[in-house]
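Peer 1: Before I ask anything, here is the structure I am working with.
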Amino acid sequence: MNSDTLTRGLLFLSLAAAGVPGNGAVICAFLSVAYHEGRLSPADAIVLHLASANLMVVGIRCLLEVLATFEVYNVFNDTGCKAVIFVYRTTRSLSIWLTFVLSAYQCLSVAPPGSRWASVRATLGQYLVAVFVALWLINTSMSAAPLLFAVGARNDSRLLQNGINVEFCFLSFPSKLSRDANGAAQVGRDVVPMALMATASLVILVFLHRHSRQVKGLRGGGARQGPSSERRAAVTVVTLVTLYVLFYGVDNGLWVYTLTVPQTLGSSLVSDLRIFFSSLYAAISPVVIIVSNKKVNKQLNCGKEPKTLSDAAQPSD
């Protein structure tokens, strides 16, 4: 095994080692909350679904990449490639859209009680299951290309004509047009929620800034107060969105580069970098959730529970 292959295997191993137990802990914590309290708040249900999608991202793609790299187990025949890439793309996209839904719900949570936006928030919470089903259907249908075009890696120069090398597999499209159209659809599927969640985060920050100034004015500039729940909420949402924009921004930049520079199609290096950066969000986001979410913190006995985004922004039930 050469040094490049070893480095690649160790990088994916680090993602699996962080992401699998991290997301697993978040899922177990919320299931425990649901068992003891009999229900989950809409915000917590979104985070639980997000952690489940992230677990599938790192558990299916990264863990299998590690097993194949170190020749422990190889699932990447034609059928395996179709299944692994399809599930990875579906859950990766679902993770992105769930992050947007979480930011949108928290944006609606800062609306004054009785306002039109407050009623929209209540409606969203009421039909959250329908939102989850719709997201699964949309992202599943938009990730169907691997089921048609993914094949196991083999020495066949024809695979490189309109194909993309993803180390153990090839995505061999019938034409350059179909390859570019699939690539553009993927970029659009990521950029749209990126813009929407960034807008939602800005709305939250503007509201919290104004509210902070109002509170400061009412206090008459008295003694300095400790970190408020609102500030903790702002830090949580900004952290998650910043991680998303950073990691998936790099991912999509590399994807566009792959489609526009023919020399990259025969090499798996750029594809490996894309998978690494997109999986990095799935591996790190549970750390943010564990640190900032009061209920998860309590279930995992992590000491003093800080206020969270859902606790701060969500109205009491």
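Keep in mind that glycine also has a Cβ here, set from the backbone N, Cα and C atoms.
Pulled the feature table from TrEMBL, pasting it below:
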type     : residues : note
TRANSMEM : 12-35    : transmembrane segment
DOMAIN   : 22-289   : domain 'G-protein coupled receptors family 1 profile'
TRANSMEM : 47-70    : transmembrane segment
TRANSMEM : 127-151  : transmembrane segment
TRANSMEM : 191-209  : transmembrane segment
TRANSMEM : 233-250  : transmembrane segment
TRANSMEM : 273-291  : transmembrane segment
Peer 1: Which listed stretch (12-35, 47-70, 127-151, 191-209) has the most C-beta pairs under 8 A with the transmembrane segment (273-291)?
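Peer 2: Between the stretches 12-35, 47-70, 127-151, 191-209, 12-35 has the largest tally.
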Peer 1: Would you mind giving the whole-number mean pLDDT across the domain 'G-protein coupled receptors family 1 profile' (22-289)?
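Peer 2: Mean pLDDT for the domain 'G-protein coupled receptors family 1 profile' (22-289): 80.
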